[in-house]
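Novice: Take this structure, written in structure tokens, and hold onto it; I'll ask about it next.
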Amino acid sequence: MFDAKSDGAAVAERPHHAPADHPAVKPARVGVLLANLGTPDATDYWSMRRYLNEFLSDRRVIDYSPWIWQPLLQLIILSKRPFSSGEAYRSIWNTEADESPLMTITKDQTNAIAATLKARYGDDVRVDFCMRYGNPSTESKVREMVEAGCRKILFFPLYPHYAGATSATANDQFFRALMKEKWQPVARVVPPYYDEPAYIDALAQSIERAYAAKENRPDILVCSYHGVPKRYLEEGDPYHCQCQKTTRLLMERLGWDKTEIKTTFQSRFGPEEWLQPYTVEEVARLAEAGKKRIAVCAPAFSADCIETLEEINEEIRESFEEAGGEEFTYIPCLNDDTAHIEALSGVIGENLKGWL
Ligand SMILES: C=CC1=C(C)c2cc3[nH]c(cc4nc(cc5[nH]c(cc1n2)c(C)c5CCC(=O)O)C(CCC(=O)O)=C4C)c(C)c3C=C
Ligand SMILES: [Fe+2]
Ligand SMILES: [Fe+2]
């Protein structure tokens with residue numbers, strides 16, 4: 001239960017002049033539903049398999065014909081990957097709360113945004129979060145919001161950059177959930193915010209802070225974005241271009257030169273070519289080219305997760321060090337940073353215009 005979603009005055013009442021058997025109706029409110037990717041409930045084989053199965057069966061993520069893909073997925077990938085991914089998740093698991101870091105951080109972000117919006121709009125807004133895969137499901141949270149009287153819902157996929165594999169599939173799931181509602185609320189979705197000045201500023205501040213804490217300035221900042229197959233770009237997905245623009249705006253905001261910052265892509269999956277350069281190879285090349293101190297940030301992720309805490313901070317770090325790199329600094333995602341919460345709340349405020 002999050003601060004600004006407490007039901008306050010929202011007691012259901014029978015409308016005036018309605019017959020005695022008329023159902024009670026809750027006063028109207030506005031819902032803000034944040035959405036992230038999803039994460040396994042636990043790290044054992046079956047929890048991992050359930051999560052990966054839902055994720056990797058999504059045709060927005062992997063668009064091969066199910067006749068070819070499903071046998072491969074069910075018989076080969078899901079017999080091995082739940083073990084290796086489970087082990088990776090165990091290395092970063094929040095054991096105190098018994099949940100993945102993505103879950104903990106998403107809850108913190110929701111609480112912080114709820115508090116900010118409550119201060120701005122009072123009890124008229126209810127803030128909550130859902131996941132595209134796993135729990136809490138998008139459908140369950142849409143149901144709760146409608147039940148609580150939300151006649152308008154602003155749906156916010158927490159990805160700065162649009163990709164079919166992230167924002168679009170989150171939106172699809174939201175619309176599917178709306179299809180089941182008798183009294184369908186009015187709906188809006190928040191557009192990508194990769195070039196929003198407050199987001200760029202929050203990123204820049206986090207980098208300036210990390211650099212100020214270093215005795216020796218890193219030779220280069222690597223902005224490592226989650227990859228997608230290169231074919232998706234060729235077929236019209238603008239993700240690549242939005243990532244490039246974030247790096248350029250960040251460079252301009254920092255007042256840096258092109259030689260001090262670089263865009264790379266990580267998390268390649270399967271045999272196809274993905275967006276290049278691949279982070280894991282690029283950091284090794286940088287070390288070999290004499291860039292012995294590097295910093296890495298991950299602007300495509302609104303919250304730290306397996307892809308940053310394990311892949312960047314363990315695997316990619318190792319690749320750099322094995323190639324002769326000396327100092328690897330991972331700059332955490334913006335998470336529940338004050339400037340980030342302000343930026344996200346600002347984006348929400350813009351998209352709530354006319355509703356409150
Ligand atoms: C197989 C294809 C994948 C595509 C395309 C893809 C795109 C994509 N993903 C994110 C953000 C996240 N991905 C995360 C985990 C993750 N991603 C894939 C595969 C693809 N992602 C897998 C198989 C996994 C699971 C982990 C593993 O087994 O390796 C996460 C983290 C979830 C967590 O619980 O921590 C995020 C976040 C973006 C932004 C993106 C394209 C733009
Ligand atoms: Fe991913
Ligand atoms: Fe591009």
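The backbone N, Cα and C atoms fix where each Cβ goes, and this holds for glycine too.
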Novice: Out of 1-23, 93-115, 323-345, which range is noted as region 'Disordered' by TrEMBL?
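Specialist: The range carrying the region 'Disordered' annotation in TrEMBL is 1-23.
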Novice: Please report the DSSP secondary structure of His226 (Fe(2+) binding site), reduced to three states.
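Specialist: Its secondary structure by DSSP: strand.
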Novice: Select one residue from His226, Glu307: among these binding-site residues, choose the one with the most other Cβ atoms within 10 Å of its Cβ.
Specialist: His226
